[in-house]
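Per Swiss-Prot, these features apply:
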type	residues	note
CARBOHYD	Asn96	N-linked glycosylation site
CARBOHYD	Asn124	N-linked glycosylation site
CARBOHYD	Asn171	N-linked glycosylation site
CARBOHYD	Asn375	N-linked glycosylation site
CARBOHYD	Asn475	N-linked glycosylation site
CARBOHYD	Asn546	N-linked glycosylation site
CARBOHYD	Asn652	N-linked glycosylation site
LIPID	Ala691	GPI-anchor amidated alanine
REPEAT	258-268	repeat 'BNR 1'
REPEAT	302-313	repeat 'BNR 2'
SIGNAL	1-24	signal peptide
Amino acid sequence: MSRRVFTSAALHLLVVMWMCCGPCEAAAASTGENSVNARQPQRFDLFVPQKTVLLPRGGGNSEKKWDSFASPSLVSAGGVIAAFAEGHLSSKNKDNKSTEPSSDAVAWYIDSAWEWSTLVGEVNKSTWQAHTVLGKVDGKERFDVVLRPTTTTKDNKVFLLAGSSVASNVNGSWSHGGLKLKLVVGDVRKPTDSEQSGRINWGEVQSPLNENSGAVQERKLTAFVASGGAGVLMEDGTIVFSLMARNEEEDVYSMIIYSKDDGSTWALSNSVSSAKCVNPRITEWEGSLLMIVDCEDEQKVYVSRDMGTTWTEAVGKLLGVWVNSGSGASQDSSLHVDALITATIEGRRVMLYTQRGNSLGENANPLYLWVTDNNRSFHVGPVGMDNAEKEELESALLYSDGKLHLLQRRVSGEGSVISLSRLTEELKEIESVLSTWAQKDIFFSSLSIPTAGLVAVLSDAAGDGRWNDEYLCLNATVKNAVKVKDGFQLTESNSRVLWSVNTRDNNLRHVFLSHDFTVVATVIIQNVPSGKTSLLTATLANTESNYTMGLSYTADNKWETIFKGDKKPTTESRPWEPKKEYQVALMLQGKKASVYIDGRSLGEGEALLTDEKSLEFVHFCFGACVQESSPTAAQKTKVTVTNVFLYNRPLNSTEMRAIKDRIPIPKRGPGSQVEGGTERRHIPRIEGVRANAPVGSGLLPLLLLLGLWVFAAL
């Protein structure tokens, strides 16, 4: 069965004049090369071409050694970890004549209680064998082709959905039937005395899709294949799989199929993605389904609150997604996100995802692990490597029984291999970071500082030319500045603090803000400059436009605002005093840009940005942020900058005042509510400012996937 690769264009990055800040990590910022050479997890090859022995479905002695493996999927149920892959047999027979390749869903069953050394020892035993799940040989002229096993669990049951096609030899010519969906449900049972681990007893293969349903007939859908990766078990017990469907016009759509009765009946979603959007990945977040798809020249994110009856394109919501570049660059060389799961760790609901990036100067594709609570994200580090320059790096994540596993397809000298890793040290780091997030939220809440939408804080932590984020995620770089309590003093004409928030840095993708944010800082101007001097500047850019907003101060003791896009700058003035403490803030709400001094608006401007595109670059800079020839270039003066707070939403004046005043809250009684370490409190409403954003609003970094086009030319 022929397969063609779907490649979407990578986003062309706007080049800016500044160096980027260090990546979101607690340790010192490192180069891309050093990041790649960092610790590697425990790893063991599960599926190896021509080595792994697989038993046929139903048992028997017809053992086979398969030729390649792809599309990993990983689940845990009833004390058994089940690792799945798409296995392929050779396309040549014993006479070296070409035949139609066949494939199947294959699986390892592993005891979830095993220590890593035990697991490796058991799998290495000659008696240890993997299993086939779906496909079978029916005579010499008929083979089942199984594609993209996709799995999820409920209680002790494992649900596996895959695409399937039947190939037949008619007069010496191979032909295919249409791609159909197959579902099989397995019950996990405990091992017998003669077995190394528990196993899964699979039921009969089903066809879950009613092809006479309105959703199929109205769209004239003719072929279906599962997405691969993981399905979702919703909080209400609904089982959901993502899939792709092709219509009579050869257009491909992404959609879902779901069951509300434990798999007895299945329904296809009424709504679909845009045409030619493939490789859906889904997860549940705060009661909604998120679906991320690869389209022709961009990534799209959809949100549904009604099981796919309607899908709303969420522009700028899942901010890790690459969007239309207009560059024509191959996605093979771009960053993208692959595996995605939702888990509860340290009492906090988070998403874990893997992101691929290219190592500088090498044909290697490190796989990075991230954790996000949709408010902030932490870069854990590289967890895998693929030495094939243009190969798809597929992966699956599983968090279960207090352990984190990665199932990864990689290319080695033995071919396409599926490896299992236990991310023990990575999980410890994630737990430590999430604990820090909770502690910081509680601390700032105790000072009446709002934590809803709080992304990062720069205060007293610093070192090696960096101003470190209290939440360990978003460090700033410092040049020619002196450390003071809770911040830095800028003492030279070229002194600056640069905080790169949305950027590509060290082959990693950092996206923290959409078209809504507030940055708040405390400043003291020690002496009067000889000319107009830049204090705080924000540079914003997407693929089609860029914009600068900022605040400067003059020799005649006036504040001046700067709002510059395609129009001429506009300014408004207000006096300032030397050695006096001020709270300064920049705010973006949609296209409305604002500057505040001590909670009072100093001026507003229209940000000439494209709403349909996310902000690919957001840079904040204190001090020497502009070219020296600029009329607002920094003069030699001393400015102290302390306690910088960054929010992914607008703040109102009451909240800004709370940040400045920091009034301790009396200890709460037993009835107080701090959930998951995150403050749940009413945010005062000010007209024109959406200040009642819930915790976790502003969905954050998720996914970019390589598109593997699985629909054959039938």
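Just so it is clear, glycine is given a Cβ too, placed from its N, Cα and C backbone atoms.
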Candidates Asn124, Asn546, Asn652 (glycosylation sites) - the one closest to Asn375 (N-linked glycosylation site) by CA: Asn652
For the glycosylation sites Asn124, Asn475, Asn546, Asn652, the one whose C-beta sees the most other C-beta atoms within 10 angstroms: Asn475
Overall pLDDT of the repeat 'BNR 1' (258-268), taken as the mean: 96
